[in-house]
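Report on the following structure.
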Amino acid sequence: MERMTAPILTRADVTLDKADIAWLMICSALVFLMVISISMVYSGLGSRLFAITLFKQPLLTGAMISFQWYLWGYALTFTPGNTWFGSLSTANGLQMSPSDVYSTNQGSSVTTSEGPSVQHLPELAFALFQGMFAAFTAALICAGTMQKMHSARYLLFVSVWSAVIYSPIARWSWYSEGWSHQLGSMDFAGGTPVHIASGAAVAAMSIFYFFESNGWQRAYLHLSSVTKKRINENLPWAAAMWVKSWLFNTSPWLPKYKQADIISGRDYEVYDVNQAIFGTGLLWFGWFGFNGGSALGANSRAVSACLATHVAACAGGTTTVFLHWVLKQIYMRSADYEPREFRRLTAVHFCDGAIAGLVAITPGSGYVPVSTSAIFGIVSSAIVYMLKPLTSEYLPDDELKVFLIHTVSGFIGMFLTGWFASQEVVESDGFSILTTASVSERLGNQMKDAFAGLGYSFSGTIIILMIGRSIMFAVKWMRSDETEKRAAKAWSQANIFKFGKDGSPAIQDRLRARERHTWEDDTIEGGIPLSTLDNDRGPSPRQWN
């Protein structure tokens, strides 16, 4: 990127296309709409006692991260420096002039030195568009707060996460000095910085609070028992043990496992299917700006990206409904068929499949032909559907399956992008060309970028949570008042507010529990005892108010 500070109208080498500027501004608004859509999707699919929190949290997060983006986020991500961070001495988003111009080589694997032209945009427009990406990524992580984290703590956490996790990953994927950009990876609209990174963060939060709530011994026993049980039920393993026992006349060896007595979450009903469907539709609508706007201009590449996005989402949602219907027909003929498992879930599975298709096509929408985009939706939605039971066992606190839908689909999208990337699609914007690497080299570069984003986001999130927990522990014992110490101890021991006095699920909404719960007498504000809050009914809205 080159920053030009001379007035635009006096520079003969700078040409700004008004259509490109208008398209980028419209797409920025569409990405902001996605932040609001996430509120509806999360609150609709989550627990009804946590719906208010999930509804307001993404917008609060998006506003705070957007403000932070213009203070230092943009400078850390898109200004000269090194592979990981830019220079804070460079003007931030609030100090940029309308005359500043952003000169770009579109995409992470293209070069403009041999191309026919270089594109120019007002830097304010580019900063606005990229700021919406940062806000949306932070909003995705809000799903990890369900039954885990107080609102104020989360806002502090996501502020640090955006600066030290998101900015470096976005920089190495999209900025010219980033190692992944120089390596030749292809990530058109955020497969690694947005989806893989946010899903890995939610998985880290789920594991961290699962171990903290159940204790290291019980949590480890649960994970090991799940693994051994899966080995015993694995068909190739069972067949191999049968052959061994037949040949050597010995009993087959199966790992012994003991089911861990973990504190499990409530098997809640989906709060509002209609709200989740409407939110998915808005998210789908906003994704046209998310992917189409990444072409940074009103050109043929943006058109191809929009159509590929739509086809992948359609294929993903349709595939999931078809698989769900086939599985139901099979189960109906078995003795273990339970109608409740299939009741009112078709629409929810459709939402998951459509979003999985949208996530998968994100890194490749500006690289692959529309004719191959359906493959992204079919493969990602099918894998997400099949892996749901597995992730429920290994990540029981990731109730909304963010890791599965976003990280796994992001990996699939990155891999398929390296496989199906087309020079014809890339050069359709008029100034970009595709790298000359072979397909195997492309796939290797794609996986390097994806695994680096997964590892960095997961480990960095764990470190941030551990530092935050250490600070809370230190502050707790610095308080002199015994009542305050007792309250702080209760907050620490019951960091998941679904646990009642006897250890059974009682309160689902952490924010409401934190704001309305009185630890001294174990009652909710208004004199309602915890024992009256059973797992099925919960308090009525009037009781909360």
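Keep in mind that glycine also has a Cβ here, set from the backbone N, Cα and C atoms.
If you look up TrEMBL, you'll see 21-42, 124-142, 154-174, 194-211, 273-290, 302-327, 347-368, 374-390, 402-421, 450-475 marked as transmembrane segment. Residues or ranges marked as domain 'Ammonium transporter AmtB-like' by TrEMBL: 22-202, 268-473. Under the heading region 'Disordered', TrEMBL lists 524-545.
By the Cβ criterion (under 8 Å, sequence separation of 6 or more), the transmembrane segment (194-211) is not in contact with the transmembrane segment (21-42), since fewer than 3 such pairs are found. Tertiary neighbourhood of the transmembrane segment (154-174): same-chain residues 57, 60-61, 64-65, 68-69, 72-73, 76-78, 83-86, 108, 130, 133-134, 137-138, 141-142, 145, 180-181, 185, 187, 190, 192-193, 197, 201, 449, 452-453, 456-457, 460-461, 464-465, 468, selected by CB-CB distance under 8 Å and a gap of 6+ residues from either end.
In this model, the domain 'Ammonium transporter AmtB-like' (268-473) carries an average pLDDT of 87.
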